[in-house]
Amino acid sequence: MTTKLTIIRPDDWHVHLRDGEVLKDTVADISRYFGRAIVMPNLVPPVVNAEQASEYHARIMAQSPRENFQPLMVLYLTDNTTAEDIISAKESGLVYAAKLYPAGATTNSSSGVTDVANLEDVFAAMQSVGMPLLIHGEVTKDDIDIFDREQVFIDTILRPLVANYPMLKVVLEHITTKNAVDFVKEASDNVAATITVHHLLYNRNHMLVGGIRPHYFCLPVLKRNTHQAALIEAATSGSKKFFLGTDSAPHAQHAKESACGCAGSYTAHAAIELYAEVFEHENALDKLEAFASINGPTFYQLPINEDKITLEKVEWPVPATLTFGNDVVVPIRANETIAWQVKD
Ligand SMILES: NC(=O)N[C@@H](CC(=O)O)C(=O)O
Ligand SMILES: [Zn+2]
Ligand SMILES: [Zn+2]
């Protein structure tokens, strides 16, 4: 039995650090062992240009306990984003991608894009400067069932988009269905996907059987176990098209445990340790390094980290809550244990 695992330092290709007084807590967790993190721009108001990205970058670095932690900034696309916004973001050297939130699809997406047809110049500019397009892939129409929204997005929006911009690098974020796995596998090498650890560990029964568990509620929502199995197969397959993106998305305990609870699960306190559990369960610990540390930078055409981290099979307890600014957040595995731990 493997009890110790050394891998190249991993990166998180999708995380929400939020802003203000909670930054010290989210940045401490994400920088504990991750080298870099793609930082989602869905603040209120969102990060829509290079100047705002640079200011947000400075606020994050001011809280980073590790000087060599590198936040990779992302622009939030709106109906008003221009090709010039993309070009100056690229020139800033701090912005590594732009994010498409269909308006209304998820937390803080009200300024998102109402119709991708409005962004033809923007996608063309991204394609020509080599800036990846990151996508929250769900349609928002009232008559589309929430469990079908990813699949309908792929068929109606994503397939034509990828066909129209064949050289555009596209990351379908936090995929949740076998349909998404199959789409990404069959697409060109310019199309990849991130997979969260909660979508690998859980399916909708975990959220709904025996009582509703709001800390498992995130978007896209957990699907049935056959989809979970397809995600596990993809993540542990060694395919370079799939890589680690936690989508760690904290909301204060009171905002989750509510009659109308927010979407988002917090995993930044223990992400690589939780992924290690999944890979060990699949007998695929030898594939964890590619998923966590190699496939992401390769897709983004960035260097692979030079140093390493070591995980040990040491069980540790997760507290009931963690400090979240002046509030608390309930992390995934609260009051339970985790089997692996990163050694300092
Ligand atoms: N995943 C979520 O359920 N929530 C994210 C937004 C997102 O990534 O869609 C958040 O910002 O809270
Ligand atoms: Zn999302
Ligand atoms: Zn997210």
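Using the three backbone atoms N, Cα and C, a Cβ is placed for every residue, glycine included.
A quick note: this is a predicted structure, and the numbers were derived from the prediction, not measured.
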Have a look through Lys90, Lys99 and flag the one TrEMBL assigns to the Zn(2+) 2 site that His136, His174 belong to. Lys99
Can you match one of Leu72, Leu168, Leu219 to the substrate site that TrEMBL gives for His16, Leu17, Arg18, Asn42, His136, His251, Ala263? Leu219
Of Asp247, Asp286, Asp307, Asp327, the one that TrEMBL places in the same Zn(2+) 1 site as His14, His16, Lys99 is Asp247
From His14, Leu17, Arg18, His136, His251: binding-site residues whose CA lies within 10 A of His174 (Zn(2+) 2 binding site): His14, His136
Indicate the candidate from His14, Lys99, Asp247, Ala263 with the smallest number of other Cβ atoms within 10 Å of its Cβ, considering only these recorded positions. Ala263
Filter the binding-site residues His14, His16, Lys99, His136 down to the ones within 10 angstroms of Asp247 (active site), Cα to Cα, kept in sequence order. His14, His16
CB contacts for His174 (Zn(2+) 2 binding site) [other CB atoms within 10 A, all chains]: 26
Among the binding-site residues His14, His16, Leu17, name every one whose Cβ is found under 6 angstroms from ligand 1, counting any of its atoms. His16
If you count Cβ atoms within 10 Å of the Cβ of Arg18 (substrate binding site), leaving out that atom itself, what do you get? 21
Cβ within 8 Å of the Zn(2+) 2 site's Cβ centroid: which residues qualify beyond Lys99, His136, His174? His14, Met40, Leu100, Tyr101, Thr106, Leu134, Ile135, Gly137, Glu173, Asp247
